[in-house]
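S.K.: Below are the features listed in TrEMBL for this protein:
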- 101-134: repeat 'TPR' (REPEAT)
- 173-212: region 'Disordered' (REGION)
- 177-189: compositional bias 'Low complexity' (COMPBIAS)
- 381-408: region 'Disordered' (REGION)
- 382-395: compositional bias 'Low complexity' (COMPBIAS)
- 530-563: repeat 'TPR' (REPEAT)
- 564-597: repeat 'TPR' (REPEAT)
- 598-631: repeat 'TPR' (REPEAT)
- 700-733: repeat 'TPR' (REPEAT)
Amino acid sequence: MEATLTDCVHHSLRHFMYRNAIFMCERLCAEFPSETNMQLLAGCFLHNNQAYAAYRILKGTQMAQSRYLFAISCFQMDLLHEAEAALCPPNEPGAEIPNGAAGHYLLGLIYRYTDRRRSAIQHFQLALSLDPLMWCAYEELCVLGAAEDASSVFGEAAVLCIQKQYLHHRSENLQTSNDDMNSASSRNSNSDDARTRQSKHTQSNNLRDIPTNYHGAVNMGGAGSQSVNGGSNISFYNTPSPVAAQLSAIAPPPLCRNTQQNGSSLNSLGADSCSRSTINSIIQAPRRKFVDEGKLRKISGRLFSDSGPRRSSRLAGEAGANTNVSAAGAANNGTTNSTKYLGSSKMNSITFRSVAVRKGQSFANENVDEGIQNEAFDDSRSNASLSISSSSPSSDNRTLEQGAPKSIGGSLTSDAKIINGASEILCLLRILGEGYRLSCLYRCQDALDVYLKLPYKHYNTGWVLSQVGKVYFELVDYLEADRAFSLARHASPHSLEGMDVYSTVLYHLKEDMKLSYLAQELISTDRLAPQSWCAMGNCYSLQKDHETALKNFQRAVQLNPRFAYAHTLCGHEYVALEDFENGIKSYQSALRVDSRHYNSWYGLGMIYLKQEKLEFSEHHFRMAFQINPRSSVVMSYLGTSLHALQRSEDAMMMMEKAILADKKNPLPMYQKANILVSLERFDEALQVLEELKEYAPRESSVYALMGNIYKRRYMHDKAMLHFGIALDLKPSAADVATIKAAIEKLLVPDEIEDNL
């Protein structure tokens, strides 16, 4: 009965029938109340996104697998200290972390979110050393800025580690097979005795013996499950998840399945490494629906007015039309990369395949033996064993031979395939890992060059194209970023990877119609994803409806409190509403999630600059600069804060660096001209502004500053001309008042003006 119920639970889990699995597992635990069965029940609840139920069931348990599952439930409930205590019992300082690489990865996440960066890095590195195919651990190291070169992480040592895991796994399978053969032999001899006794009974006794034969057959078919109940841990995470955003904890298909050039598939490697390599991160429970569909109207924008503390971009700089023109001109200067992919675009190799990489969407089980046994005992095997049990003993042996491992001669060929397949997979991971590492270090052009080394079919997948779009976004090349994200959407329309950044790209391009369409598509795809609500918030923010935008960003934070970008976007909206206190809180919340989120350091610097807390402002801009030393925008505002601190020479040097970092960004040139005016180097300032007019011909601030320079040089005609041009370009209401005041005082001497 125990084996039958256990198999029924696993069968239900494989077919995503979680309610049935929970019901049958409750019957199992009621009839056979063991800790192993309680593990299975807790796993059913975790599959069904009921971490609180698993928490109650496993609280106080001691087995390694129980502690791991309890830690998973605590992590999902944000009980990080309890999760840590489950993995590292305080009364057992030398206790081994359960589930190997997956346990170390989970502990690394706990340390990261409790602000213990060094310990987090240590456990992510341990996870990678135990399982070189645990990509999520390397991804976390990249986010923390502590990843080693991908060539060293996914090198020859990793191939040997995978081979060792495979050989160990195969030896365990052989031992399991021998145990099954021995148990089958004893069952066959008992069956012979039963048949001898059965011939002496009447027909009614024969009929009464049919259920006995039935249960015997089930026990034989479910031997794998029954043996696990008596000893080792339980595995139930071996069914692929059908949708990336599904709220389940089922592991994805084997990561090590490698399709070679001859079309062969190495499934044997995948079974081991997959079970050791994946872990589920936070899966938030469904919450109240929230959306406001109105007020989507088109408005015009100006260069410096609404980009100030916004998302890591030109900030205070570029009219929408000018941005399109300058970027389009750069794109038409010929292809800068190989032309083997996409015509005249800077991006190469575009085809399609979906890879959704929202950080951690499934947690792995580490019980390889039991997982393999459950795979072997599928429905067809079960039915076959039921029918064969009533026939001869030889047929029982044939049934077992069907599930036995291959011969030793065949295993030699399999070993060679495993080594070859592992080498090919790690070669691919070296390219992907190095590209991702460089992008996390904001070495954007280097990252693009590495991604171009990918094979055609891998470059043109949703995940890679999203990463390429993010890199172009950091390079402030919004047209190419738009192109990359559009292709990513076409390749993987179900994936939400990078769509929050894509919505910000459309925000800066002032593409209100495309942004509105994207937001509606994402909401219809997954209303419980923070990316969807970030896109909706950007849509309202573009319409200057900052209060509604803030509500959408807050909804994103509610769905995933560990989504740093949503906190940052909340901070931007608070600043737009001049609520600096809450803006500071939002930026600090983002930094608690990700201390290397330079956008939040920049946002704090902007608030303190507005509040004239110049030392604080300079500190936060410098922190952002240390994280992203290639951002022209960050350098521009760092130079501005240095100038406000009367450190004009340092400010000039920083502005020169900002101009060299991005010659299309007008902000550092404008700030350089301001510094030169303060130093009364008017000729140099006019020269810079004349050059700036080529990049921003419709920016009123440029002409207003030129008017002030001519006024201070007593060239009133030219001053009046430039003030008039500035007014014609429709500046903001505050700028209009400033320009009109300057015109009124045009004929007033500077000494009198200073006294007014």
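Keep in mind that glycine also has a Cβ here, set from the backbone N, Cα and C atoms.
TrEMBL: automatically predicted annotations, no manual curation.
How buried are the listed features, and what sits near them?
M.R.: If one looks beyond the repeat 'TPR' (564-597) by at least 6 residues along the same chain, the residues whose Cβ comes under 8 Å of a Cβ in the stretch are 113, 115, 117, 143-145, 306, 308-311, 440, 500-501, 530, 533-534, 537-538, 541, 546-547, 549-550, 553-554, 556-557, 603-604, 606-607, 610-611, 627.
Below 8 angstroms of C-beta separation, residues 145, 308-309, 311-312, 442-444, 474, 564-565, 567-568, 571-572, 575, 580, 583-584, 587-588, 590-591, 637-638, 640-642, 644-645, 661 of the same chain, each at least six residues beyond the ends of the repeat 'TPR' (598-631), sit close to that stretch.
Counting residues per DSSP class in helix, strand and coil order gives 27 helix, 0 strand, 7 coil for the repeat 'TPR' (700-733).
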S.K.: Determine the mean pLDDT over the repeat 'TPR' (598-631), rounding to the nearest whole number.
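M.R.: Averaged over the repeat 'TPR' (598-631), per-residue pLDDT gives 95.
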S.K.: Is it possible to list how many residues within the repeat 'TPR' (564-597) are helical, extended or coil according to DSSP?
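M.R.: Across the repeat 'TPR' (564-597), DSSP assigns the residues as follows: 27 helix, 0 strand, 7 coil.
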